[in-house]
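Participant: OK, Swiss-Prot features for this one:
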type: MOD_RES; residues: S142; note: phosphoserine
type: MOD_RES; residues: S148; note: phosphoserine
type: COMPBIAS; residues: 155-165; note: compositional bias 'Low complexity'
type: DNA_BIND; residues: 172-255; note: DNA-binding region
type: BINDING; residues: K219, R232, R235, K245; note: DNA binding site
Amino acid sequence: MLQACKMEGFSLTAPPSDDLVTYDSELYQRPMHDYYSFVGSDGESHSDHYWDFSAHHVHNNEFENFPENHFTELQSVQPPQLQQLYRHMELEQMHVLDTPMVPPHTGLSHQVSYMPRMCFPYQTLSPAHQQSSDEEEGERQSPPLEVSDGEADGLEPGPGLLHGETGSKKKIRLYQFLLDLLRSGDMKDSIWWVDKDKGTFQFSSKHKEALAHRWGIQKGNRKKMTYQKMARALRNYGKTGEVKKVKKKLTYQFSGEVLGRGGLAERRLPPH
């Protein structure tokens, strides 16, 4: 028996009734809210909605009337593999959403490792501490290789040449400069003999800076000479033997060799 149907003015003829498969529209219809519940559920409950869909409504005896050529072979994919694939894709999407977006114009500055350092406060000395006694200055360490503080190591003056004479090519040293002042009596308010025969002399506590200033002019220094620098040069002479420190305050002693050379040069000076 043929069943004829009209559709938009065209006549459609159905196949023979022997090959006709009954189709129940209500059997395969599924409400839309089921699909929304599938999308909104978590990953663990997806498999329940997905794999129970066909097993709940479709029965094996309904497909017995279909010939073999009406079926399409599906790929053999196990449900656990599909669940793992879906969870992997879901985790990637969550990772993309959680990643903060950095503006392209934002520049990342280079971070420099911070290393803390300990800083000690600088202690300023009052004028009273700066003008300390010569014994306290003797306790401080002097540069081991320096003979004097910026002092030029010139040659010994030859016979007939006055120490510090203008136009002289020989550079005077500190102990020679002090010996000349003591023997000439110049600046006797700043330096004087304690024992001339032993070569012991002493500086004035009030006028020692004036003597140091004159020594700086004699050397031609650009920086101001102080007694502290001059005393350090005298202590360095204690290592070479020309001058040594005496226990008495601001007191020093020439060596016998320096006194002998000074006496020889004094005897050879031309008479006035």
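Glycine too: its Cβ is placed from the backbone N, Cα and C atoms.
Source: prediction; values computed, not measured.
Are these features on the surface or tucked inside, and what are their neighbours?
Facilitator: Residue counts for the DNA-binding region (172-255) under DSSP, split into helix (H, G, I), strand (E, B) and coil, are 37 helix, 16 strand, 31 coil.
When Cβ atoms from all protein chains are considered, those within 10 Å of R232 (DNA binding site) total 19, not counting its own.
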Participant: How many angstrom lie between the most widely spaced Cα atoms of the DNA binders K219, R232, R235, K245?
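Facilitator: Comparing all Cα pairs, the maximum is 23 Å.
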